[in-house]
Structures are given as structure tokens and as C-alpha cells.
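Heads up: the structure comes next, in C-alpha cells.
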Amino acid sequence: MVPRRPASLEVTVACIWLLTVILGVCISFNVDVKNSMSFSGPVEDMFGYTVQQYENEEGKWVLIGSPLVGQPKARTGDVYKCPVGRERSMPCVKLDLPVNTSIPNVTEIKENMTFGSTLVTNPKGGFLACGPLYAYRCGHLHYTTGICSDVSPTFQVVNSFAPVQECSTQLDIVIVLDGSNSIYPWESVTAFLNDLLKRMDIGPKQTQVGIVQYGANVTHEFNLNKYSSTEEVLVAANKIGRRGGLQTMTALGIDTARKEAFTEARGARRGVKKVMVIVTDGESHDNYRLKQVIQDCEDENIQRFSIAILGHYNRGNLSTEKFVEEIKSIASEPTEKHFFNVSDELALVTIVKALGERIFALEATADQSAASFEMEMSQTGFSAHYSQDWVMLGAVGAYDWNGTVVMQKANQIVIPHNTTFQTEPTKMNEPLASYLGYTVNSATIPGDVLYIAGQPRYNHTGQVVIYKMEDGDVNILQTLSGEQIGSYFGSVLTTIDIDKDSYTDLLLVGAPMYMGTEKEEQGKVYVYAVNQTRFEYQMSLEPIKQTCCSSLKDNSCTKENKNEPCGARFGTAVAAVKDLNVDGFNDVVIGAPLEDDHAGAVYIYHGSGKTIRKEYAQRIPSGGDGKTLKFFGQSIHGEMDLNGDGLTDVTIGGLGGAALFWARDVAVVKVTMNFEPNKVNIQKKNCRVEGKETVCINATMCFHVKLKSKEDSVYEADLQYRVTLDSLRQISRSFFSGTQERRIQRNLTVRESECIRHSFYMLDKHDFQDSVRVTLDFNLTDPENGPVLDDALPNSVHGHIPFAKDCGNKERCVSDLTLDVSTTEKNLLIVRSQNDKFNVSLTVKNKGDSAYNTRTVVQYSPNLIFSGIEEIQKDSCESNQNITCRVGYPFLRTGDVVNFKIIFQFNTSHLSENAIIHLSATSDSEEPLESLYDNEVNISIPVKYEVGLQFYSSASEHHISVAANETVPELINSTKDIGDEINVFYTIRKRGHFPMPELRLAISFPNLTSDGYPVLYPTGWSSSDNVNCRPRSLEDPLGINSGKKMTISKSEVLKRGTIQDCSTCKIATITCHLLPSDVSQVNVSLILWKPTFIKAHFSSLNLTIRGELQSENSSLTLSSSNRKRELAIQISKDGLPGRVPLWVILLSAFAGLLLLMLLILALWKIGFFKRPLKKKMEK
């Protein structure tokens, strides 16, 4: 089980990483991304997996770990030294450190040790390099303990350390050979011995082998401790010859081996497992002793393998049954795993492999007390850290991959017990596989040192353990836990002293596999602040969100991801670097090697106080495509000035290469601005421009420059600056003198400090309510080279020139505005197409000090449109979403009153039930809260909209005659037999700009007399597509049009009497629903039911057909003239003059006599009957 670092992804593409292309777009501060120094190596070797900056007497270097050097045959790994300096172009040199990295007295396996996976510099000189997959062999077993080497400043291995142990899988093996005469050929036995012994690791601390030969007698060919290597044993075995004999004393040979060969005098080791291999070709002559001899072997725990050679029996054609049973009885249980038989001596070699494997299987169980691995698979050196006098070595594979931290100090080595770091009780032998020691670090606090180790698989969410060393014992102080399963919280640890007081300020914990919202491995870094001996959570850092697009089907995707997994793995590397931006605080660099589809990127965070700023100061992407340039940001180191300019430089590695980025110095530029005069007094003109008096102002701007790294030296900076007048306004109220421009741009060389002067003048604008802001922007003339501007200081400064205020002797103007509002309508507004406007009258008064920039702001509902303004003086109104009217110039004095009207027009696209208007009066002067109650007015007026339409009605017949001699048909075959048809037409046509509502048209007509006889019979109706009329039951209710016949009896006709009018007739109504349309039509067909009128007594009467229109929308109304239409159809009977009743004749005669009498009386009164001529003649 080999833990993998999160970014150690399988590399399948061979490439050379030319990091000179790492010039991608970045948010830039003072790390120079365009002039970096690059180092390249095979991506298959994982060149760049680790990087360290290094200096010795020979010069300055970048050390680069390449843990897969030697692949594909082996993965030995190594470290390269790469010379640095702007003038250095020498290639990187492989140090061949694995050659001299060795542990004596063990059988080493270096082929896949991945040397260079861990690389840290020693503060006292030299460096430490580790190969966590270094292994040694115990018998047939390989133990991956890991190894670390101290390397001197001159790149020589000083010593190596690995937690190797004496092989606890030692075996003492005695081979008991039948050397009787029947064994033939003896060379086959020798070949068997050679093949078997070659498979064994023979030595004093490993497996020992002795050989006993028997026939009639027993001989010790050599003892267990005779030879100390496999080679020596092989030479001796090849010299053994067959001693012969006429008897096969198997019991004697086994018993002699038990009693003598397994004694300490002959080299047997106390506590080591005893193994006996018996090889014979025939039944024993002392088989009566075998049972007891085998029992004695059992009592002494001697494991026995027995081999029966059947050659003698096969050659003599003898039965082998009894022989096989005897040899089986010799073998240990289970017999099937300890007994072998071969057809003859030549076949012995065929069982060597199986026999060897079964013997080797005993190695794993040689230590019967070992229930699990301890340090055998520890992978010590998976991580490493120097902490004062201690060296911390992470051993993730220790104790069944629960892990531990090996502490090494001079000649003292502390390997904590397997339960030392268990923070919670666990079941016996429970395999936690927490990977403790995945990363290690330390924190310095006043008077003490805290040691920190990460175990990213603990409880699946990860954990960080903080502990102290007290007299060689581990004392756990605190644990920090991750929040997300599988995030690998604790796989990366970094401590940093931000303020350079020699004490740790922060602990940063990486969780590079932290999943984002879209299940992508975005990564997260947790920041903890040191509080005495405890760490307290402060904040989390996250990368730019990566969009994972497996295809371009998603509209948000512009580029398809070609590599998996997707994300950033932000926090794969977290490095504390010395003060990059020369602000007195150390900084942090974090790697995100999966960003940009595995191209990678790093983020730089600047220190501040005792913490770091949450927002990154610079992001450096690799600029690669994720194929030829992979995982930039896998490793980071930044502790040294490698080019002699006094600034810390940063080395960043990935798979296939590394790059050294130079830091650029930081220029501090401070600017001050002064104005003369310092206020704009529009009533005091001090200059003349183009013949007009105005106000002119002189602006003095002073630049002060210095370098952060060399504050005492003189610095000359080439600057470019731009001055913008009235920068808060879209239209400027001022221009530079001699121009009509609001902006000027100039270059300036500043040596320590320099002042310049620019003058400008005010325009004749009516807008003086706020200050004139003057903005000065500046930058270095060549921002790509040399120092950069300090990002802690602004590169833009602002100066404000206020307007002088008319407040007497007061420093502040305190106004008191009032607002009165009235409207033409208050209760209900009926809006018509020809009359869709209304007025709002405003009165603004100031009862306090002068109010500067007095204005009214009018907000109104969407059903209103600003149309215009009337009667306002001096100023005007602007309308965007609201209406702002400036009142007074430039201020509204005490007692001033301004009256004006705002005209609104109704918006036909928004028909609301109310017109809502909010009006307020305000100014730039102060106004007490208690006087603001009369500065606002709210208006809400109900609104109805009168729909403009034309409602027409007409009929095909207005007069129908019934002949006196007409008869009633006895059988009605069609509607033509009933009477004349009357077609009634209704047309509704839209007019005006208001929308047409849904309408309801009710068409009513006399349908039956009071006695139930038909009057007007509806045969059907038609309409335009937007109209739906009901009920259908009124349409031809008798089914005449469908061919149904009906008869009228004479008795029914005789019942009809006189019809004077139709006031008592029963009315039928057709209701039509009209959807909005420019034109709607409804046509109704009616038949005058003549049988009702033929025998009736009447001379003439009128039938009235009414059409009534109604709006279905409460906001849209109809005018009274457009609601009803009536059509009169006159019915008369020809040939029968109407008889006048007697009472009518008598009443008319009386009325005529009365009128005559009144006329005579009136004439008499006026003297009409007097003769004035007669009187004159009498006189």
C-alpha cells in the first residue's frame, strides 16, 4: 500500500518543459514573470517534483528532485544541482546521490526508492534528501522502510538513516539427505541443492543452512554457522558426495539432526524457527523408531518437509504405497503442504520452486508475536523538516499505514509507539491507514517549540496533530480536523513568522482535494493563528473557480477540459517565503497545479501585521496547455536572494521542469496636491478667458519617490502622469488654461522629489452643487522593467475644490425646505385618447439658510411618462428613470419660493389602476431631521382609461308589411315559410392609442309574445374569429334549417287576438365574448314569425333589437355613447286602416272646443273686438 501525493499524477507524455513560455496573463505585482530562469528535464522522471534554493562556497543553486530517474527499468530517483544567476547558462547536473546512500549489513533494494521525493535544506549547511520507497530484504520479504541522507555543502553524502531492523524472519534449516547406495544419479541431488539454496538469503542475521547425510551412519556435512553467505554455502554443497551405505536409517538421520544439528554448538540460534528438509528414496530400516522421533521433533517445534524419490521403486517395478505412507508420516501437518514426491532423482529440480515458496512462507510467520507491521513498511522520509536540533521524518507506512513521525537528534532517535498519536480509542488492530507523517512542520513560540504532523486520511476527513517533545516523549496538545471527506486535509503544512519576530504567527493547512460545488477538486487552504500554545481558525483561502467542461455542450463552456481530474488542487504546495514585496512582512505562495486543465498556477499572498491578506496579490499561471507543461506549482521554495539584488526570489517546480522568478524592487511614490484659491467663489471672478470673466485655479502637484529596499539611497524615477479635471462628472465644469481639454498627460523624471504646476478655469455651468474633483493618475514609464509601484499605496490621488457658500458667518448652511403639491384631479382620473395628460403643481420654499443645489426629485409609476414642465424659472429638469428639477441658481436663498408644473402623459403600455407619484425636495446643505417631514409628498390617484372605439349597428330590414289577405301555412318546410328574414349587423372598431380590452356584447330581441307565440325567430349568427357567442340553444331551436317540418293548427291561429305593442314580449339574449382586436363583427339572422301577426289585430307596431357593449377590464372603460345601440323594426298590416276608438274622437272634439274658447278670450282681452274708428267718429 503506497500513499500517493495528490498531484503525483501518472505521466504519459514525454516532453521537455521549456519554462521560458511561462508568461501567461497574470495579476502582476513584483515577481517578474517575463524574465524568469528556467530548468528543464524529462517529464517522465518527474523532474521538478521538489525544489530547494541552495548556496555553498561554489555559488548559488537550485536543487531539483527527480524521483523517477531510471525509469522505466527502475525508479531510483536522484537530485540535480542547477547553477543560477542571470549570466549562468550551465546545465543541471545529476548528483548520483543514491550510489552512496546506503545502510550497512542489509540487503538493499534501491531500484524503486524514488530518491528526491523529499528535499529540504539544512539551516546549518547542506541538505537532506529522502527516498521513501527504499527497501531492504529479509529472506524472501521486502521491507519498504524508506531512507534519508544528509548531504554536505559540497554535495557529498555524509550519512544515511533508515529504520531497518534485524530480520525477524530468520530460519535455521537443516537438510537431511539420504546418501545410501540406491540414490542415483547423485548429480541430480546436487542440482536440487543448488537450485534450492540459490533462493535463500543466507547469513548470520538471515537464514542459516546445515546439511546432514545418512545411510547406515550419519554425517554432518557442515553446520548451520559454518558459512555466512549464499555463495559460500553453494560452493560447499557442490563438494558433497554420496557416502553410500547398504541401509537407509531415516529415523536415525532425523533424530541426529534434531539432537545435534539444531544445537547452539553447531550454530542454531535461540528463538529462531527450525526447519528440516528430509530427502530419501526408500523405506527406512529403522521405521519402528519413526513415530517417536517425529513426536520429538513436534515437541521441539521443528517444521518438517519430506521428499520421497520414487526412482528406485519405479526402476524395480515395485509398489510405492508403503514407502509413500512412511514419508508422509514424517511431514508436518498439513501433510499436503509439507510432503512431496518425485518420479526419480532427475525430477527433484521440478519441486524446488514449490518447496522454496513453502519454506519462504514460514518467514512471514517466524515472529509469531507480530500481528501487524510496525516500521517494516514505514516509508520514512515521505516528508522531512528541520526544527532547531531535531529532524522530523514522516513515516506514513508505519504501524499498518497509520503512520508516525521519527524524531532524530544527533545520535538520539525517537520512534513513537504505535499508539502514541492515537487521539481516540480504537479497536485492537483496527487498520486506520491515517498516513500520519504525510507532512511535518514545527512552530516556534516563546520558550518552546511545537511539532506538527498531518494525517490526511484520518477519519476520512484528515487531521493535524500538534505535540511537544518532553524528555523524548510525545505530548499531544491539540488536533485540528478537516471538514470534508476525501479533501486530504493535513497533507500540506506550513508555518510562517509574518512579522519577523522569530515566533510563528500562522499555520497553513492544505486540503488540495477539497471538492467545489460542481464536484471538482478545487482545493482549499485553512489559516490558523497561533495563540500561545494553541492554533485558532482565522480564515480559508480558495483559488479562482475552475469551470469543468467535459464537452462544449454547456453554453458556459468556451474550452473543453482534456485532462482528469478537473479542478485546481489549490494547496498542493504551500510555501512560506521571505518578504517578497519588501514591506517588512513575510509572504505565502500557494500552488494549484491542476488549474487551467493541468497547466497549473501559483498564488502569492502578502503578509500584513501577524497574518496574511485574504486576497492574493499576484497569480502566476504556467501558460501551458496541460499536455507538454504539467502541474506548475507542484513545488515552491523562496528563501534566498539568488541574483544579488537584495530581494528574495521564488523557485516554482512542476513535472518536467522548474523556473526561478526574480523579485523586482518596489518603488514608493507619494503625491500631494494643493490648490490656490482653495475654494470656488462663483461671485468673485479672478481671470478672463476668451473675453469672459471666470474663476481660475492653480494646482500644485508634488511627487516624492524612494526604493523600499534602499530607502537611504537616492532614487530617480521616470514617471508618466495624467491629470483629469472634474473626474466625477461625465461633462467637465472646468478646462486647463489655454485649452478646451479636461485631461493632460505628461512624462516626468523625479529625483527624490519634484513639484509641477497646472492651472485651469471654471466654465459657465449652472451645476455647482458639489466639489470639483481633480484626479492625478501616475505610473512608471516602463512598468515591464525595473521596480514596480508599491501596491500598498494608491497610484491615483484626488483633490477636491469646494464651492464657497453663502451662509453669512456660519461654517455650515442649515436649510429648511418645504414642498407643496397639488394636482388637477384628486378622486378619479378618466384618461381619454384625446385627453391623456395631467399636471402636478409644485411649490418649493426655503425657510432656512441658503440651500445649495436645491432640487426636487420625482419618482412615478410606470403608467406615467414625463411630458414637460411649465413655469419653472432659471433651471430645468432632467428625466431618466426619475425626474430631477434643479431649483435656484446656484442656491435657493432664505425666503425664496419657486413654483412650477410637471406635465405627465399616460403610458399606454402600462395600464395601472393608480397613478403613483413620490416627490421630494432636497439640497446639498444640511437640514435637521425634525424639519424633513414637509420635504416629501406622496400622491396616489385612481385611474380609469376610456377606450376609444366605434360601435356600429345596422339591420337589413327596418319595415316589414303583413298583407291583409295572407294566410297561415299549415306546413312549414323552411324558414321561408315562416316570414321575412332580418339580418342585424354589429361592428366594433378600435380608435385611439389605448389597448382594446376584452368585451361582452349582449344582443337582446323580442322572442315570444306574453302568450308564448313566436315573434322573432333566431336562425343563426356569424362573427369574426375573435368572437364567441352563446347560447347555442337559441340558434334555430325548432330545427327548421336542419329539415325538420312542423304544422300550425287552425285552432291555434284562432286564439290570437289583438297586438297593440311588444312591451310585454319575452326577451331573448345572445351573449358574445370579444377578444381584443382592431375590428370585431357579429351578424345575427332573425325571422319575423308571420303566423303570429297574420290573424292578430293591429295596424302598426315596432320591434326593438338592442345591442349592449361592456368592458371586461375594470381599468378600461367605455364612454356612455359607445355602450348601447338600438334598432327599431316597424311591422304594419296592409288594407286594414286602423280604427280609432270612440273615446279618442270625443276627447279630441272637446279639446278643440276648449282651445277655440281660449283663443277668443285672449283676443277679447287685447281688444280685438273693439272698433277704435267708431269712437273717433263719435268724437
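From the backbone N, Cα and C atoms, a Cβ is placed for every residue, glycine too.
If you look up Swiss-Prot, you'll see 29-1141 marked as topological domain 'Extracellular'. Sequence annotations record features per position, and here Swiss-Prot assigns repeat 'FG-GAP 1' to 30-91. Feature annotation from Swiss-Prot assigns disulfide bond to CYS82-CYS92, CYS687-CYS696, CYS702-CYS755, CYS807-CYS813, CYS877-CYS885, CYS1029-CYS1062, CYS1065-CYS1072. The repeat 'FG-GAP 3' annotation in Swiss-Prot covers 365-417. Residues or ranges marked as repeat 'FG-GAP 4' in Swiss-Prot: 422-474. As annotated by Swiss-Prot, repeat 'FG-GAP 5' applies to 475-537, with the evidence given as sequence analysis. Annotation source Swiss-Prot lists Ca(2+) 2 binding site at ASP579, ASN581, ASP583, ASP587, citing similarity to another entry. Among the features that Swiss-Prot reports, topological domain 'Cytoplasmic' is placed at 1165-1179, with the record citing sequence analysis. Annotation comment: Swiss-Prot describes 1167-1171 as motif 'GFFKR motif'.
Taking each of the disulfide-bonded residues CYS687, CYS755, CYS1029 in turn and counting other Cβ atoms within 10 Å of its Cβ gives the largest count for CYS1029.
Each residue in the repeat 'FG-GAP 3' (365-417) gets a DSSP state, and the totals come to 5 helix, 24 strand, 24 coil. When the alpha carbons of CYS1072 (disulfide bond) and CYS1029 (disulfide bond) are compared, the span between them is 4 angstrom. Here the Cβ of CYS696 (disulfide bond) has 17 other Cβ atoms within 10 Å, regardless of which shown protein chain they belong to. Shown in sequence order, LEU580, VAL582, GLY584, PHE585, ASN586, HIS606, GLY607 are the same-chain residues outside ASP579, ASN581, ASP583, ASP587 whose Cβ sits within 8 Å of the Cβ centre of the Ca(2+) 2 site. Residue pair CYS813 (disulfide bond) / CYS1062 (disulfide bond) shows a Cα separation of 83 Å.
Confidence over the topological domain 'Cytoplasmic' (1165-1179), given as mean pLDDT on the 0 to 100 scale, stands at 64. Note on CYS82 (disulfide bond): other Cβ atoms within 10 Å of its Cβ, all shown chains, come to 24. In the shown protein chains, 17 other C-beta atoms lie within 10 A of the C-beta of CYS807 (disulfide bond).
Across the repeat 'FG-GAP 5' (475-537), DSSP assigns 0 helix, 35 strand, 28 coil. Taking only the Cα positions, the spacing between CYS702 (disulfide bond) and ASP583 (Ca(2+) 2 binding site) is 24 angstrom. Here the repeat 'FG-GAP 1' (30-91) is broken down by DSSP into helix, strand and coil counts: 3 helix, 28 strand, 31 coil.
Closest to ASN581 (Ca(2+) 2 binding site) by Cα-Cα distance, out of the disulfide-bonded residues CYS696, CYS755, CYS1029, is CYS755.
Cα of ASP587 (Ca(2+) 2 binding site) to Cα of CYS1062 (disulfide bond): a distance of 104 Å. In terms of C-alpha distance, the listed disulfide-bonded residues CYS696, CYS755, CYS885 place CYS755 closest to CYS92 (disulfide bond). In this structure, the CA atom of CYS1065 (disulfide bond) is 23 Å away from the CA atom of CYS1029 (disulfide bond). Each residue of the repeat 'FG-GAP 4' (422-474) gets a DSSP state, and the totals for helix, strand and coil are 3 helix, 27 strand, 23 coil.
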